[in-house]
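Right, one structure below, let's go through it.
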Amino acid sequence: MLSISRVHPHLMLTRTLRVAALELRSIDLQSLKNNKEHHTQEMGLKRLIVRRGQAFTIVLSFNRSFQPQTDNITFMAETGPEPLELLGTRATFLLKSAQHGNVWRVSDFTIDLNSLQVSLFTPANAVIGPYMLKIQTSQGQGHNMSYLVGTFILLFNPWSAEDDVYLPSEVLLQEYIMMDYGFFYKGHERFITMWPWNYGQFEDDIIDICFEILNKSLYFLKNPSKDCSQRNDVVYVCRVVSAMINSNDDSGVLQGNWGEDYSRGVSPLEWNGSVAILRQWSTQGGQPVKYGQCWVFASVMCTVMRCLGVPTRVVSNFRSAHNVDGNLTIDTYYDQNAEMLPTQRRDKIWNFHVWNECWMVRKDLPPGYNGWQVLDPTPQQTSSGLFCCGPASVKAIREGEVHLAYDTPFVYAEVNADEVIWLFGDGQAQEILAHNTSSIGKEISTKMVGSNQRQIITSSYKYPEGSPEERSVFMKASRKMLGQRRASSPFLDLLGSGGMQYQPAQLQLHLARTPQWGQDLLLTLHAWRVPDRAHPRGPIQLMLHFCAQALLHRGGIREPLWRQVVQLKLDFGQEIQLPLLLPYNNYRNKLTDEKLIRVSGIAKVEETGRSMLILKDISLEPPQLSIEVSERAEVGKALSVHITLTNTQTEPLSNCTMVLEGSGLIDGQISKDLGTLVVGHTIKIHLDLYPIKAGLRLLQVFISSNEVKEIKGYKDIFVAAARAS
């Protein structure tokens, strides 16, 4: 017998109208699509990495269709250890009809059956960092359901006109954000060497290490919530990174070493890129990596800033002043035997110095100082209590506006200080040998956009040397930096007393042949008599003392390695050329890795008792290696590489090691021991690489030996995408 139960008509109506709660079943963050649209696909496609000021799309799938009239969805985005809306580290916004403005919002949504496609917009001044994205669903006044949608990383956006790092040129963006290798320039103003560097900002774990760096800063450790809340400000982030690349105050990335003992770490000359340094720092729990010098600090900072989304380049300044006391004068001393004297003063002229420029708007400065800003992570002096430098507006430096933040006086002096060279004797400075107003800040260089060539950008930092504009700016900056000190300067007193008199002869040193490591150095002294007030036409007697010393990167010197004394008589109008020989055995074990020699000469005029200075810096070139590759490179296919090195030195190269590196070509590094390369012999190395990423790549080869530390070569390689099978 069939039993039929009756249901009250009112109860049946209620049951029909009740709709199931909206439950989240699956999530698609659409990392592949979003990362490509946000120019982060090089960082990987497995997780969501987006840029602020630009919408990204996600798809939410529910147990039923979303009903706009009755269903409510609230989004929550959180970053930092204690997210708060007041601090800008937490944002809450509703899913409703399209909203507008520079705020966290849903910019659009589309309903497709049980799926909801949502476009989320992040403000162009949002805090950067790793975020958690959550939703909360409800119906009317009913029960709330909360879900973790996923995580994403938010970066600066130089493609967005609303972002403070906006750079309105796709060509420049490809160079200063997307290019994962580059070059810096080192050596000497007359012997500039181009060195390749693998930035590797898109390698798998580098973005995580960048935020790890921020989270180990003293600012974060002191007040994590406040520090995270300030990560919307590119000026703040740059200063934190500048302090964290060195380890003078904190658990920074690199420990500096300007000595010559690198036995407890790696010589700064042996690094090829940033990736190995950053990974080592992270793996060792934030222990500083040994060792760095200026080009290593700046190149690693370039990696971090490009990774975070700030257009960044590496800049080299030749004859860079380190003017600690801020008097815009660097003093150098020689004795009567032409020996450059060591000094305990920190003021020095570095052969070269490398820093960064980052592109940004400076809302903290008066109008007109946006654009490139100097940031220098090399620990030289403190700024607001920490070893960091910048951002200092390049425009402010050029105009002498040294009162503008940050650290503009120090950077201004690096490119504009005067050099005063003194003759020192009997415990005091006796005579000014030279006062050079244009010898500091030479050949300021960076990599040219879209090319491996060097671009000289000196004119961005200062007006032409000796021009009325340059002297006017110098005087303006001097008044601001020196104040009353300038009125009572012993140097100016001596300068005004006629210490710099016209000299009765011209003296120059020339190299008679190209200098090569392992060979005697042949120089020529060129001397000729010119008229002067004291002895307009008569002959003069010169006593010349010559001295050669190894020149260190930061302006210091070693003990003399060669001396010579010459006596000359010069009649009016007479020219003399005198050969000078500096034997290889004199400098063989006396030079630093830089392989720079300064030959100095002091010529005393017997008739007047006054002295003249002659200087000649010599750079010794290491052997050259060659790299050849097979014609076509393709992702995943063997690429044949041939490396050749001939020992052109006069001694064997012992304990040779080779390191290969190149983002997109090699995962990490390839190392190989080569043993000893005897004199005149050639070593040929063949190996196969399997490229990982398509596009233009740079293969670096670095060979080091006990005798010569820096034999480098590089090769541009275009890698084609893998062919469809």
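From the backbone N, Cα and C atoms, a Cβ is placed for every residue, glycine too.
Record features, source TrEMBL:
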ACT_SITE  CYS294  active site
ACT_SITE  HIS353  active site
ACT_SITE  ASP376  active site
BINDING   ASN416, ASP418, GLU465, GLU470  Ca(2+) binding site
DOMAIN    286-379  domain 'Transglutaminase-like'
Integer mean pLDDT for the domain 'Transglutaminase-like' (286-379): 95
ASN416 (Ca(2+) binding site) and ASP376 (active site), Cα-Cα, nearest whole angstrom: 17
In the chain carrying ASP418 (Ca(2+) binding site), residues 6 or more apart in sequence that have Cβ under 8 angstroms from it: LEU328, THR329, ILE330, HIS435, ASN436, THR437, ILE440
Among ASP376, GLU465, GLU470 [recorded positions], residue with fewest other Cβ within 10 Å: GLU465
Spatial separation of HIS353 (active site) from GLU465 (Ca(2+) binding site) - C-alpha basis, Å: 20
Ca(2+) site shell beyond ASN416, ASP418, GLU465, GLU470, criterion: Cβ within 8 Å of Cβ centroid: THR437, SER438, ILE440, GLY441, LYS462, GLY466, ARG471, PHE474
Neighbouring C-beta atoms (10 Å sphere around the C-beta of ASN416 (Ca(2+) binding site)): 26
Distant-in-sequence Cβ neighbours of HIS353 (active site), under 8 Å, six or more positions away: CYS294, SER316, ASN317, SER320, HIS322, THR378, GLU414
Secondary structure tally of the domain 'Transglutaminase-like' (286-379) (DSSP, helix then strand then coil): 15 helix, 40 strand, 39 coil
Cβ neighbour count within 10 Å of CYS294 (active site): 27
